[in-house]
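For reference, TrEMBL has these:
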REGION    1-42  region 'Disordered'
DOMAIN    45-112  domain 'Histone-binding protein RBBP4-like N-terminal'
REGION    110-141  region 'Disordered'
COMPBIAS  121-135  compositional bias 'Acidic residues'
REPEAT    257-292  repeat 'WD'
REPEAT    304-338  repeat 'WD'
REPEAT    349-383  repeat 'WD'
Amino acid sequence: MAARKGRRRTCETGEPMDAESHDAGSEGPPQVYLPGRGPPLREGEELVMDEEAYVLYHRAQTGAPCLSFDIVRDHLGDNRTELPLTLYLCAGTQAESSQSNRLLMLRMHNLHGTKPPPSEGSDEEEEEEDEEDEEERKPQLELAMVPHYGGINRVRVSWLGEEPVAGVWSEKGQVEVFALRRLLQVVDDPQALAIFLRDEQARVKPIFAFSGHMGEGFALDWSPRVPGRLLTGDCQKNIHLWTPTDGGSWHVDQRPFVGHTRSVEDLQWSPTEDTVFASCSADASIRIWDIRAAPSKACMLTTATAHDGDVNVISWSRREPFLLSGGDDGALKVWDLRQFKSGSPVATFKQHVAPVTSVEWHPQDSGVFAASGADNQITQWDLAVERDPEAGDTETDPGLADLPQQLLFVHQGETDLKELHWHPQCPGVLVSTALSGFTVFRTISV
């Protein structure tokens, strides 16, 4: 299967992610493994990671699993491709007991690329050098924690001028805003971090909290165009608009936006219009709103049956008039907002065999997006790809012939995938969170 020039397409991933299947008792060639397609793994078969399919691959554990996280934009520069990489994440835990939860700031650094395979005939001296090299290439993780009563359903980060803040949806039915400046400072300084964890973390409180939703929720999005403007949606179908005030606080409109009949699952501001946002819901619909109208009349466009069942996640492209959605039906759909009234997507992709849990457009490449699913797959897609009739990979592996042409890559090996994000400053780098922990990777395809 071929892609456009300069981009290799693969469905091979690894241990613990994976795509090649080996039978321990046979000498046959490795085969590409795709969940939900072809026979399941047989006894004695194992999945082996194809390291050549990755430019970068690292995993990290934080104790209790994190249902949600966001990448914190940093001051290290844009379009960073030089390795090793440094990145910052803000995440929230879902611990077994409410009082054991934490809001986390993670600094991952010294993230080197995947190592090339050893050359044939390498001698002992080279092996010793490799061991020293291995020590220098070890990834590093610094972690600043803040106690948080209640599991954290969703975290989204924004910069208000020079002040980074996190909006946090909690299972206790509150949305809180936390200042992140101090946490960002201490993860860069081991001595300051030790003092913070010993003396300061228990004193960190939210700078604002809203309990007016009267129940828990998941939907949360900061405006990319109006600093401090926030939307929050709950499991009781209500959406509230937050407007920043001069005193560093927020005014939350108590009148909810009316339209959905079931839980609001996700919200996305328009990247080009200050007052427009999209929402999706367990009522199977996607709606487009304009906050210039009264909340009861603000819904401007609706696709009532966008998916067969719950619409879990949406992503609004920053470069094209496209909205991407993922549902409980496992489908990924691309909606052209210029044709939204028709109720028909311009593209539908069905690779996932379980509910889609996260979708996001690539921040620089307008046709590329990624998705994660409850089937433990992360898929990368490119709308611009067309199959090359002269390519021979479908002939050598007929099992791949019925894959969607636009499918670039399938990454496996995570357990219970929840959320993914492209790094906005490191092209092609994806970060995901799952029950099995965090993964940072870049494939050869994007």
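Any Cβ shown, glycine's included, is placed from N, Cα and C.
Curation does not apply to TrEMBL; its annotations are automatic.
The DSSP breakdown of the domain 'Histone-binding protein RBBP4-like N-terminal' (45-112) into helical (H, G, I), extended (E, B) and coil residues amounts to 6 helix, 36 strand, 26 coil. A Cβ distance under 8 Å defines the sequence-distant neighbours of the repeat 'WD' (257-292), meaning residues of its chain 6+ beyond its ends; these are 217-226, 229, 231-241, 298-318, 323, 325, 327, 335, 337, 340. Away from its own ends, the repeat 'WD' (349-383) comes close to residues 3-4, 7, 35-36, 310, 312-320, 322, 324-334, 403-404, 406-422, 424, 427, 430, 432, 434, 443, 445-446 of its chain (Cβ-Cβ under 8 Å, at least six residues beyond either end). When the repeat 'WD' (349-383) is classified with DSSP, helix, strand and coil residues number 0 helix, 18 strand, 17 coil. DSSP states for the repeat 'WD' (257-292), grouped as helix (H, G, I), strand (E, B) and coil, give 0 helix, 18 strand, 18 coil. Averaged over the repeat 'WD' (257-292), the predicted model reaches a pLDDT of 98.
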